[in-house]
């Protein structure tokens, strides 16, 4: 006897995340964006600052571009849409051209 009637092994099966898998970035393709975001969060003491949210957007865009997550609308991720005429440029793209 198991000592715990009514339990089954199927109840112990892990369930996948609600929005699908979130693969690790084994090749470090988006590490730079992640580190910039984390550094920003540290500077603002983990407050929800807009400049950090825009860095998070750059990080998520990198993950989408490298097939590390599915493409999704920014509004579904709680982030502002790209400005018209921005052509999907990131903050880093804009500052790298200076």
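Here the Cβ of each residue, glycine as well, is placed from N, Cα and C on the backbone.
The annotation compositional bias 'Polar residues' is assigned in Swiss-Prot to 1-10.
In the three-state DSSP scheme, residue 62 (disulfide bond) falls into the helix class. Packing around residue 62 (disulfide bond) is summarised by its Cβ count: 20 other Cβ atoms lie within 10 angstroms of its Cβ, all protein chains included. As annotated by Swiss-Prot, disulfide bond applies to 30-62 (among others), with the evidence given as sequence analysis.
Under the heading disulfide bond, Swiss-Prot lists 40-52 (among others). Cβ contacts within 10 Å of residue 52 (disulfide bond), excluding its own Cβ and spanning all protein chains shown: 20. The secondary structure of residue 52 (disulfide bond), as reduced to three states from DSSP, is helical.
Per Swiss-Prot, the feature domain 'CHCH' maps to 27-70; the stated evidence is sequence analysis.
For 1-25 (among others), the entry in Swiss-Prot reads region 'Disordered'.
Under the heading region 'Disordered', Swiss-Prot lists 76-98 (among others).
Per DSSP, the secondary structure of the motif 'Cx9C motif 1' (30-40) breaks down as 10 helix, 0 strand, 1 coil. What Swiss-Prot records for 30-40 is motif 'Cx9C motif 1', and it gives sequence analysis as the kind of evidence.
The motif 'Cx9C motif 2' annotation in Swiss-Prot covers 52-62.
When the Cα atoms are compared, residue 62 (disulfide bond) and residue 40 (disulfide bond) turn out to be 17 Å apart. When each of the disulfide-bonded residues 30, 40 is scored by how many other Cβ atoms sit within 10 Å of its Cβ, 40 comes out lowest.
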